[in-house]
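Q: For reference, the structure I am asking about is given below.
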Amino acid sequence: MGLPVTPQSLWSNAKRLSFKVKIWCTMLTTIKTLLFVMSALNVYRVIPTLSSQITFTLFGVCGFVNMWIVIRRRKVIISAIRNVCDLALQLNPLFQIGSRRSKMEIVLLMTAVSIIMVIQVAYFFYQEWEKCLEILAFPLIEQSSYLSVYVWIIMFSIVMTYNIAGWTCYLLLLLCYNSYFTLGKVMNFYSKMVKGDLIRGNCTYKQLSRHISLFVDITQKVREIDQALGAIAFFLYVTVICNFFNTISVVLGNSKSYRTFVVHAYVMWQSVTALITILVLTYSGSLVQKASEDMKQDITECSDLVSKQSPSLKTMMNFTILLENVKESKIAVTGWDMFTIQKGFILNVAGLVMTYGVLMYQMDVLKTE
């Protein structure tokens, strides 16, 4: 996809991309930028309703913005992910980084985008082809054989811009999901390790100092991941909202072009993919907050166990420091520091979609009148 975040860069200590990778990423970025510009200049001419034009364009814009975020912040992203992986392997050399089903997730991603592409090709290149020939024609080539080529290029740019945005967003969804999932597992492992040591009576001054150091390290790694992926998560949510708005605009649109099997299939598949995206992103992000709450509960429950063991004053002070640090910590991942990713946020998104969905319908009605 031309995103400068490769498996080799995540696992190796290389700080720079190879020359071949740079050329590949630069070439694809240039092509995607040209397609995006062509699509933005022509999408309003081939899509019937105003709300559909806006939401269709915004989806492409969000994918384009996320692409540039990765390009501009690739070193921060790579460093943050690599540090989390190193910490996980430090805690347990056999630690499973990310999801065990990553290959299946990539296959599902490819399938989802391929289905959307097939539907859009059927709509633009077959169902609406003759209409687009009339709409996009201009005097210089109206009677020329180049008209079909010109229209084909425009249609290609619109379809590819949308689907490249989809590819980009779904790949970044997997990146966020696996990063948040790994953070949650690291925090759960740390919590069980500390609780196990305290239950077994292994609460020496040295061991508690190590636990404090690890807790500070975990907190720092969560902050690094949040700073690296927060903006991406924010625009993923915006993309999902645009996706919902786009399907609503198509369902409520009064254009005859929307009353076909192809468009109905598009609406259903877009709704399914948008719903899965928001559920996966919210679920994985909420794992970090849940792991933090479980950590607080586990270590607090061990307070009585530590006091019954009659530890030395120095050891007790260390445990108190650990307990206070854990209790006062607010470990969570956010969407660009604007909101915390938690399960309840889905209700906010649902309310937003319903409210502005009505406004979009009214906007189309006013334009028709």
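Cβ coordinates come from backbone N, Cα and C, glycine included.
Note that the coordinates shown come from a computational prediction; the quantities given were computed from them, not determined experimentally.
As annotated in TrEMBL:
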TRANSMEM  21-44  transmembrane segment
TRANSMEM  50-71  transmembrane segment
TRANSMEM  106-126  transmembrane segment
TRANSMEM  146-177  transmembrane segment
TRANSMEM  228-246  transmembrane segment
TRANSMEM  266-288  transmembrane segment
TRANSMEM  345-363  transmembrane segment
Q: Tally Cβ pairs under 8 Å between the transmembrane segment (21-44) and each listed stretch (50-71, 146-177, 228-246), then give the stretch with the top tally.
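A: Per the Cβ under 8 Å count, 146-177.
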Q: Is it true that the transmembrane segment (228-246) and the transmembrane segment (106-126) have 3 or more Cβ pairs under 8 Å, skipping pairs fewer than 6 apart in sequence?
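A: By the criterion, they do not touch.
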Q: Before we move on, state whether the transmembrane segment (345-363) and the transmembrane segment (50-71) share at least 3 Cβ pairs under 8 Å, counting only pairs 6 or more apart in sequence.
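A: Between the transmembrane segment (345-363) and the transmembrane segment (50-71), contact is present.
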Q: At an 8 Å Cβ cut-off, counting only pairs 6 or more apart in sequence, do the transmembrane segment (266-288) and the transmembrane segment (106-126) clear the bar of 3 or more pairs?
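A: They are in contact.
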Q: Excluding the flanking five residues on each side, which residues at least 6 beyond the ends of the transmembrane segment (146-177) place their CB within less than 8 Å of a CB in that stretch?
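A: Answer is 1, 3, 5, 32, 34-36, 38-40, 42-43, 46, 56, 59-60, 62-64, 66-67, 70, 77, 81, 99, 102, 105-106, 109, 112-113, 116-117, 120-121, 124-125, 129, 132-133, 136-137, 229, 232-233, 236, 239, 277, 280-281, 284-285.
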